């Protein structure tokens, strides 16, 4: 049997299940793959296969994540599901699995629980653009009014964290009953098919990396006699064409220059695109005026800052993190893109310390400015060893 070729004819969207433990995230994931497969879109992945998700390491942090894929008539979805609550937190903070949208699974007989709230907050902090709700275990609740109360509570909770609560689609069903249904005509399967339609309609297609504003973190700087200064790195997003104006942002004062050449594997190109490892020739720029840790970007699209708020996860001792807690005034290095910058970290009022394995909202101030924006990921390091991971929630100055 020949291996089937991945046809990229449909738009691709990354999705994930979030929500409180035992509310049915993994059962729902299995049910979706089953009914997508019954319609000829992808293959069924059983509950047990998803539940024993392999461990992955992302920036030194161990995360268990299950990846499944399925299609609808309109789209191809890559879907992540995490077995444990801690895995979700790590996943969202490190950006190991970027989500264009999330399915919030809430059990109708429990209603919103602490992790429901925490996952919504995290989704807001790390920039998940949209959430749809699957109200699970509706077969266990006889009282229509109770279900409506849970829905109202969810709408309020979503609105509180700046999602459009009143416009958020809520699909009622039972993931287990759907998983047990063997045909798509079975009434129990209907909510799953409806959920897939809702994903198609409500979750927006992501902007492709090549359509975003150009940005490349500088990894290295060379001086080529007779040609000038070349900076190398992997283009993070956007497209750079020869002759375009760029800005050098971070660490020093922002300067403008012209990119006079794009090279890849020693060949000259007309343009470099997101994902390419390239060398950019910069007009009139001295070798010592640029350094690793700066970014080359489309002018006016990113600014340097030193002070920000972030959501961080502190590695546990088992993950190779610290053995002891840290307090306000802690001075680690913050690793942004390609470089470490020392900074001082402050904890929110009422939080005395952060223990290894905890996550927390913090404020940090760096000793040198870095090109930054909301949702930028970073690592927290001590002498080259990663002790935490974070994502910027808000820029202060």
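We count from 1, first residue shown onward.
Each residue, glycine too, has its Cβ placed from N, Cα and C.
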(request) Would you mind telling me which of 60-64, 65-69, 70-74, 75-79 Swiss-Prot tags as region 'G2'? (result) 60-64
(request) State the residue range annotated as region 'G3' by Swiss-Prot; the candidates are 49-52, 53-56, 81-84. (result) 81-84
(request) Work out how many Å separate residue 19 (GTP binding site) and residue 26 (Mg(2+) binding site) at their Cα atoms, rounded off. (result) 10
(request) Taking only the Cα atoms, work out how far residue 85 (GTP binding site) lies from residue 26 (Mg(2+) binding site), in Å, as a whole number. (result) 12
(request) Could you check the binding-site residues 25, 85 and say which one's CB has the fewest neighbouring CB atoms inside 10 Å? (result) 85
(message) I want to check the contact list for residue 138 (GTP binding site): same chain, sequence separation of six or more, C-beta distance under 8 angstroms. What comes out?
(response) 108, 147, 172, 173, 174
(request) Could you check the binding-site residues 19, 22, 82 and say which one's CB has the fewest neighbouring CB atoms inside 10 Å? (result) 22
(request) Kindly report the helix/strand/coil residue split of the region 'G1' (19-26) according to DSSP, in that order. (result) 2 helix, 0 strand, 6 coil
(request) Write out the long-range same-chain contacts of residue 26 (Mg(2+) binding site), meaning residues 6 or more apart in sequence whose Cβ is under 8 Å from its Cβ. (result) 17, 47, 50, 51, 66, 81, 83
